[in-house]
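Annotation comment: Swiss-Prot describes C44, H66, C161 as Zn(2+) 1 binding site. For C97, C100, C103, C111, the entry in Swiss-Prot reads Zn(2+) 2 binding site.
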Amino acid sequence: MCNQHQTRVLSVSHAKAKFEQTTIERRGLRPHDVLIDIKFSGICHSDIHSAFDEWGGGIFPMVPGHEIAGVVTAVGTKVTKLAVGDRVGVGCFVDSCGECEYCLNAEEQFCTKGVVQTYNSVDYDGNPTYGGYSQKIVVTDRFVVRIPDRLEMDVASPLLCAGITTYSPLKHWNVGPGKKVAIVGVGGLGHLAIQFAHAMGAEVTVLSRSMNKKEEALELGANHYFATSDPATFTALAGRFDVILNTVSANLDVDAYLSMLRIDGTLVSVGAPAKPDTYSVFSLIMGRRSIAGSLVGGIQETQEMLDFAAEHGIEPKIEVIGADQVDEAYERILRSDVRYRFVIDISTL
């Protein structure tokens, strides 16, 4: 192993602590490793859940960030598909066993040995992982994706989590021409889901609590928009959709949403509410309907998503901030005061 790489980071010392600038050591390059100078790091709501230890098991000090865009500055001796100067990205995971049925099927997120997360995780050597609120990161080459030239790096960073989180279920449930899909929520995830579903050729309906975001949703590619605060919405849309993609973290009236599915329709959730949802099993039985979830996507699919986004002009709406604004950004996210993703300019760190 070569010498370690010192890097400045933004870290929290304990749950709900303020961010501090400090220094850590990244591991030296192994044969299949890539050293990346990070240019931008997106802020995901998962970062807040983790930094506040709302899901438990937090590893502190913690360096969040799994929406990483940067440039390769060094490669290991056995790296053949990446070179110094390449524009690259790193998402939610940085390693997996590479041998189980799911890894071999390009679904590393379901690795039976346990996928290594980009931060708040432990690698196979027993060391804690630190994420993208950092100047540099060292990653196994097979977990690095290329950022297409048509995507600016700041815009690309949220796609590494928010983008693949919405693209993957739409693809898995065969959203495309002739399909009617509803997107629940017009936020960090929802505004990308609308664009992906539209580009895939589906008829897209947006479901949001109020009519406040109608104009934005239609501009993003929605064909229809309804407010779920109006009970008449559920009557008007009964039995309409092949797929409903729920992108919000609030608890829903699941039975009401299931009623809007066609026979064999599926309600897919990528938002994670703090409390369990409840529903009647008859809402499933009577229409042979399904409830499902989706966990980001594999590395091959993430690359496919980036290429698809570049080809179809799909971009997240972002607000670029400095390293000294992250605490404020967290507060603004919690009060829904962002359109729609914050991205940290790492040059300010």
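The backbone N, Cα and C atoms fix where each Cβ goes, glycine too.
Annotated features, which come from Swiss-Prot, shown on the structure.
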residue	record	CB count, 10 Å
C44	Zn(2+) 1 binding site	27
H66	Zn(2+) 1 binding site	26
C97	Zn(2+) 2 binding site	16
C100	Zn(2+) 2 binding site	15
C103	Zn(2+) 2 binding site	21
C111	Zn(2+) 2 binding site	20
C161	Zn(2+) 1 binding site	28
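Using the Cβ center of C97, C100, C103, C111 for Zn(2+) 2, the list of other same-chain residues with Cβ within 8 Å runs, in sequence order, S96, G98, E99, E101, Y102, L104, E108, F110, T112, K113, V115. DSSP gives H66 (Zn(2+) 1 binding site) a coil state; it is part of no helix or strand. Taking the Cα atom of each, C103 (Zn(2+) 2 binding site) and C44 (Zn(2+) 1 binding site) are about 25 angstrom apart. With C161 (Zn(2+) 1 binding site) as the anchor, the candidate binding-site residues are C97, C100, C111, and the one with the nearest CA is C111. Taken residue by residue with DSSP, C100 (Zn(2+) 2 binding site) is part of neither helix nor strand, so it is coil.
Listed in chain order, the residues near the Zn(2+) 1 site other than C44, H66, C161 are G42, S46, D47, G65, E67, G91, C92, T118, P158, L160, A162, each with its Cβ within 8 Å of the site Cβ centroid. Spacing of H66 (Zn(2+) 1 binding site) relative to C97 (Zn(2+) 2 binding site) is 20 Å (Cα to Cα, whole number).
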